[in-house]
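Have a look at the structure below before the remarks.
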Amino acid sequence: MSSGNISFVKDFFIVGFPGLQPEYYGAVAALLLFVYVCILVGNGIFIALFTLEKCLHKPMYYIILNLVVSDLLFSTTTLPKIIARYWFQAGSISFTGCFIQMYFVHYFGSVSSAILAIMAFDRYVAICNPLRYPNIVTKFNIFCLCLASWVLTHACPLMMAIRAYPLPYCAGNTIIHCYCDHISVTSLACTNRALYGVPAFAFAMVVLLGPLAFIVFSYCAIIVAVLRISSTQGRLKSFSTCSPQLIIIALYFLPRCFIYLSSNIGINFSTDLRLVIIMLYSLFPPMINPFIYCLRTKDVKETLLKRIKVSMNPLFIPTKVNISTVCV
């Protein structure tokens, strides 16, 4: 611990939902465990399909793969601790562990935001510049963009955690949240939080609004390009290729923007309601995204159905149907 920490806090206690009665702890823990299992299974299935089927090794699915990995890591960073808090009353987290969790929470959130911007770029090129798509959206270019998302988003969350770590914590050690984030932890510090909160808020706005601005620009250009298509069937087909990404983007950005804006225009929520909204936009997208990939993306859906048929009916194998043909 930093010598500047005058409170000698050795650990923090994650409260979770402060208004939740103890008799409901088990039910909430079971619900969160169910969500976590769904995230692991759903995203794990996509990773397995991507690994086994070479026909899915396309730039778009490399982007989705990075989003899946980010979702899995974010959920694994946050959910086990809050599940243990409600199931085993083990809500304490070490002083250093809390800041490590803080770093990963903001880091994986930043990565997901950048990956969604890359996803919008993919659709923009596919619809607005279809002839140049194979030359622009290559595996190598997507690899470089995704790698940049993982590397460049590392600095700001690390600086936030490093600056928050040595603060003097003397306002208690109970975190009114389901995990350690910058606001909930630094609010316990006995110092002027503005010196740390304002830069953190500016960082959050850049991470949230920067990719969102690019996404809005991309889809405005896409809408203009689609409206120029003469046939109704062509317009619907073009829009259908964007619908999975639009659903994912809406699930990720809209609730976050609502929370940030409401807190700045004077709309107040109870602490429990605010935490419910935060948990919904943090955990619902990772849980629902795999279903969107499978149900709204033809390649993944047909590959999954073919794999299920093969596993359920071994006699299906001798028909010599090449599974990879479903992706062509």
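All residue numbers here begin at 1 and follow the chain in the order shown.
Yeah, the Cβs are placed from backbone N, Cα and C, and that goes for glycine too.
Taken from TrEMBL, the feature transmembrane segment applies to 24-50 (among others).
Marked as domain 'G-protein coupled receptors family 1 profile' by TrEMBL: 42-293.
Taken from TrEMBL, the feature transmembrane segment covers 62-88 (among others).
With a cut-off of 8 Å between Cβ atoms, the residues of this chain six or more beyond the transmembrane segment (100-121) that come close are 60, 63-64, 66-67, 70-71, 73-74, 77-78, 81, 93, 137, 142, 145-146, 148-150, 152-154, 156-158, 160-161, 164, 179-182, 185, 207-208, 210-212, 214-215, 218-219, 245, 248-249, 252-253. Residues annotated as transmembrane segment in TrEMBL: 100-121 (among others).
Sequence annotations record features per position, and here TrEMBL assigns transmembrane segment to 142-162 (among others).
Residues annotated as transmembrane segment in TrEMBL: 201-227 (among others). Long-range contacts of the transmembrane segment (201-227) within the same chain, counting only residues at least 6 positions beyond its ends with a Cβ under 8 Å from a Cβ of the stretch, are 109-110, 113-114, 116-117, 120-121, 123-124, 127-128, 153, 156, 160, 235, 238-239, 242, 246, 249, 253, 256-257, 260.
Per TrEMBL, transmembrane segment is recorded for 239-261 (among others).
Away from its own ends, the transmembrane segment (273-295) comes close to residues 16-17, 35, 38-39, 42-43, 45-46, 64, 67-68, 71-72, 74-75, 78-79, 176-178, 244, 247-248, 251-252, 255-256, 258-259, 301, 304 of its chain (Cβ-Cβ under 8 Å, at least six residues beyond either end). What TrEMBL lists as transmembrane segment is 273-295 (among others).
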Q. What mean pLDDT score does the domain 'G-protein coupled receptors family 1 profile' (42-293) have in the model?
A. 86
